[in-house]
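*Asks:* Right, I'll just put the structure down here and ask away after.
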Amino acid sequence: MHEPAISHLSAADPELAGLVEAEATRQYEKVRLIASENYVSTAVLEATGTVLTNKYSEGYAGKRYYEGQQVIDQVETLAIERAKALFGVDHANVQPYSGSPANLAVYMALANPGDTVMGMALPDGGHLTHGWGVSATGKWFNPVRYGVAKETGTVDLDQVRDLAREHRPKLIFCGGTAIPRTIDFPAFAEIAREVDAVLVADIAHIAGLVAGGAHPSPVGHAQITSTTTHKTLRGPRGAMVFSDAEYAKALDKAVFPGLQGGPHNHTTAAIAVSLGEAATPEFRVYAHAVVANAKALAAALLERGFDLVSGGTDNHLILVDLTSKGIGGKPAAQALDRAGIELNYNTVPFDPRKPFDPSGIRLGTAAITTRGLDVDLMPKVAEWMDGAVTAAGAGDEAAIERIAAEIRELLAGYPMPGYTA
Ligand SMILES: *Cc1c(COP(=O)(O)O)cnc(C)c1O
């Protein structure tokens, strides 16, 4: 059952309530390895479900366009102060609706359409909003893209420097969605300084690790940091943008009135709650456990003959090239889902296959670590993955069913925030 209980919803709209319960049960019974997902605490869930959703508050604390902000101003200020303290930044804007609009706000604050911008190519691990062609950021700006080196599978900083010198971009984005290794913020900062570009660190994936001291911080190196709040940071779906004092005004103006109307106050409240949680010693332990689990899972996968991009991981994320296993990413991901292991198919760098049927799968350990799974269980997870991939190749649905049943049995011993069994 969902927790907090959804009794009013069940009475008013049993059809929808049934779907919510079904999703809660699905999350309870799966080994959730999608690298961008997590389980938020019951406190964060409660904050998102409050009357704060009823209030319009365009503007910023003390400068709103609607009356009745006595409480909302305090909620948003609390979120901002917690973000500033946790990440050690001069300025924080907590209003962006999600990571993509947050990045768009960065462009709007610091660049004009047609300007040259630089980011990591999507197939190499970058995000759509770092100037990929189908994104508004790739259509409205002049994107230059760097990637990873073929031999190492890690960011090619020589290429970054060469491209930056040649194209002199206004903005350089570092960070991405499928980067299993530590991002070298000082190296990016040096390149950005040399070509007079503003460095933007997009820490959407690793924000929780940064907050918990399990990944170096971009603060002091990047003038702008953008992040989602719902990945390793374990907050509600939302985003934040941090900056040096110099860019504060431009960023705030870009978020509102540049791109958005009223902020989602219930989300802001839940962000404040999650930032409070992320400032605790328990969260530091969590962030380090996420990385320990990823390293243990990577080692166990390597032992079973899986080929990992860059050879392993430094963070929460693992990118697997399945070519050596003789199966594509999509059929593997679908079979793994049937086996109770949820992840996504993903392109790998220099992928010879098409994006809708790529060679790889991407996984992360943020959610299973929240659930309490530890390093001792990672060889078992790798065994299940290997079994499911092999069974998929052999068309052995019975084996896949057996794995799903074993997983349900194991997970019954690991409580899920937001659910009572
Ligand atoms: C997830 C992600 C985003 C976008 O976040 P949404 O909330 O999905 O819009 C932006 N940048 C990076 C690096 C991400 O991983």
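Cβ coordinates come from backbone N, Cα and C, glycine included.
Annotation comment: TrEMBL describes Leu122, Gly126, His127, Leu128 as (6S)-5,6,7,8-tetrahydrofolate binding site. The domain 'Serine hydroxymethyltransferase-like' annotation in TrEMBL covers 9-385. Under the heading N6-(pyridoxal phosphate)lysine, TrEMBL lists Lys231. According to TrEMBL, the feature site 'Plays an important role in substrate specificity' maps to His230.
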*Asks:* Taking only the residues in the domain 'Serine hydroxymethyltransferase-like' (9-385), give me the average pLDDT of this model.
*Replies:* 97
*Asks:* Pick out which of the binding-site residues Leu122, Leu128 has the most other Cβ atoms within 10 Å of its own Cβ.
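*Replies:* When each Cβ's neighbours within 10 Å are tallied, Leu122 leads.
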*Asks:* I'd like to confirm something. Which of the binding-site residues, Leu122, His127, Leu128, has a Cα closest to the Cα of Lys231 (N6-(pyridoxal phosphate)lysine)?
*Replies:* His127
*Asks:* So, three-state DSSP: helix, strand or coil for Lys231 (N6-(pyridoxal phosphate)lysine)?
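*Replies:* Once the DSSP labels are grouped into three classes, Lys231 (N6-(pyridoxal phosphate)lysine) ends up as coil.
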*Asks:* Relative to the Cβ position of His127 ((6S)-5,6,7,8-tetrahydrofolate binding site), how many further Cβ atoms are located within 10 Å?
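*Replies:* Taking all protein chains shown, His127 ((6S)-5,6,7,8-tetrahydrofolate binding site) has 25 Cβ neighbours within 10 Å.
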*Asks:* Leu128 ((6S)-5,6,7,8-tetrahydrofolate binding site) to His230 (site 'Plays an important role in substrate specificity'): how many Å between their Cα atoms?
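*Replies:* Given the Cα positions, Leu128 ((6S)-5,6,7,8-tetrahydrofolate binding site) is 18 Å from His230 (site 'Plays an important role in substrate specificity').
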*Asks:* As a check: which entries in Leu122, Gly126, His230, the recorded positions, place their Cβ less than 6 Å from an atom of ligand 1?
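*Replies:* What lies within reach of ligand 1, judged by Cβ under 6 Å, is none of the recorded positions.
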*Asks:* Compute the C-alpha separation of Gly126 ((6S)-5,6,7,8-tetrahydrofolate binding site) from His230 (site 'Plays an important role in substrate specificity'), stating it in Å without decimals.
*Replies:* 18
